[in-house]
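See structure below.
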Amino acid sequence: MPADPRSPEPQRLARAALRDVAWEVGVAKPDPAIVVDGVTRTFGGLTAVAVDHLEIQRGGITGLIGPNGAGKTTLFNLLTGFDQPNAGSWTFDGRPLGKLAPHRVARLGVVRTFQLTKALARLTVLQNMLLGAQDQRGESFFRALVPGIWRQQEKENTEKAMDLLARFKLDSKKDDFAGTLSGGQRKLLEMARALMSDPQVVMLDEPMAGVNPALTQSLLGHVKDLREQGMTVIFVEHDMDVVRDISDWVVVMASGRVIAEGPPESISQNQAVVDAYLGAHHDAPLTVEEEDRVLAQAEREIAREEHVEGEVLSSDVPPQERTDR
Amino acid sequence: MGELIDALTVAGKAALGFQAIFFALLAIGINVQFGYAGLLNFGQIAFAMLGGFGIAISVSKWGLPFWVGVLVGVLAAVVLALLLGLPTLRLRADYLAIATIATAEGLRLLFRSVSATPVTNGTRGLSAFNGDFIALAPWDTARRYRFLGTSWSGAELWVALVGWVLVALACLLVWALVRSPWGRVLKSIREDEDAVRALGKNVYVYKMQALVLGGVVGAFGGMIYAVGTGSAVPDQYQNANTFLAYAALILGGAARVLGPVVGAMLLLFILQFADTLLRALIDNGVIPSELLSSTDVAQIRFVLVGLGLILLLVFRPQGIFGDRREVMLDAR
């Protein structure tokens, strides 16, 4: 679905739609593509994911952030069928996705990339791309034996692949083995390959990790392009500049739970998020009033410590004091 | 000098004989499974045994026509592939390897066991089942023919001819499949099956198809072996043959259509050449009998093949037909 050319800033449609949405966990979105309900996944005693309710706005870029081990990748795995939850359900366009095998989820139009890039090393770049195309007649065993059945489709797919490769500036590498590409180029290839399937939802697991800054800019551009084409993008990222730059909405996870969501500018000021990343006491740059507040808090603690000898300073602050902004 | 030429012609016959065809078909099957799909089937010989015994039991025990026996062998191979694949193909690659190696050994022991004697004749095996097939030869099978400096019986020539036609057909099939989108999915599964899943392909079905196809090709190998020797004895189907077929595949180059065929011919050539030449040299006293007796030769030739394989892996890891760039990618 191409963007409306008359609209001055088409990519901000999702942001406009989300303007009036409250900045609270589990809030309902105007037009959700994916709705997650009560999904939990435990590994032994560890609860990797416990999301009560989460809606992902259609046509927007949703950033999924959180410290290491927050359950972001596990949530991705659950949503795309690579892992099955202990409980809960989730839907895409109202269709339940639970219990679907990964390839069925992909066929519905929800494709993903992986944190550790999965370029198919001993296939050429072009073959990698062609693999992404859906409903290929030549992929069935018996029809594969009759080239007449699939040759035309193969030609069309090749043209589409070359278009995409040109967009991602990989067209000159089309006959190279994917294994010879650099890490950043592999990320590009994986994203381009996912686009071969004309997805409706693209889930990118750390698309910028290990990519040099110059390439990051072009990757960012590509992600924004996806939104302009009407796709819903969910991505995991650690670089907050990137998250601020491209996302319409940010979901923050910690210890398997969604602890905050809101537009990107709301997140860096959210105390729960700051605490989750840095602990209650951190040495991030502070504003004047924050400094005053921290100072006052420290003084209170020192005063209290003088009352209770030997208490550990950092852990005796009641939680409401830490998140009272 | 005469010994050398002699050894060359004898080895040349071995490279064209039914044993080479047997290994070629085993290796073509393994090539589909391991070379293209990345499946570790360490029990390919079990499929060959089912092929061979499919004919042998059908014809000499049940009195069915030869061609029904072929069908039985193929069906048995399909069933075995499904049985092996159903529980293991969803798991990591090693589980298929474990299951196949155990099945190959277990099936052979079952076929030679006393309780199976009424059907398989136990360790003595079955014979006299290839008459119908040999009778199809358009020439006199009782006569001997000179061919490339060696003497072949008419039956040998007929089995070899049909065998090589089978090899050619199998290669053609593999070639047609791997250049198609189907083959592309198969190769992608070898590289990373999760990536393929994420792109909407049912990996399980492709792996199963590869396992069945490779198993059926292996079963045809077993059939050629059975009609070539004229007997089906369980102990002919030692699992060492699976590994020799792997050696042939690596020698020729994995994931290449003609790799397994050339590899199998070369393997048989080297084995026979070393055997004949060493024996001749021992008989002539060129190699002193204290150093090597002719009874040692049977083992020494395998040592030579092993040595050759090591040298190959050092200097040409891609095999004869492989693409060095492709193989070196794994080292990254």
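Every residue gets a Cβ built from N, Cα and C, even glycine.
Feature annotation (TrEMBL): of B:39-60, B:259-280, the stretch labelled transmembrane segment is B:39-60. Between the transmembrane segment (B:39-60) and the stretches B:14-32, B:157-178, B:210-228, B:297-315, Cβ pairs under 8 Å are most numerous for B:210-228. Sequence-remote contacts of a segment are chain residues at least 6 beyond its ends whose Cβ falls under 8 Å from one of its Cβ atoms, and for the transmembrane segment (B:210-228) they are 17-19, 21-26, 28-33, 36-37, 39, 41, 44-45, 47-56, 70, 73-74, 76-78, 80-82, 84-85, 89, 96, 129-130, 133-134, 156, 159, 162-163, 166, 170, 177, 186, 236-237.
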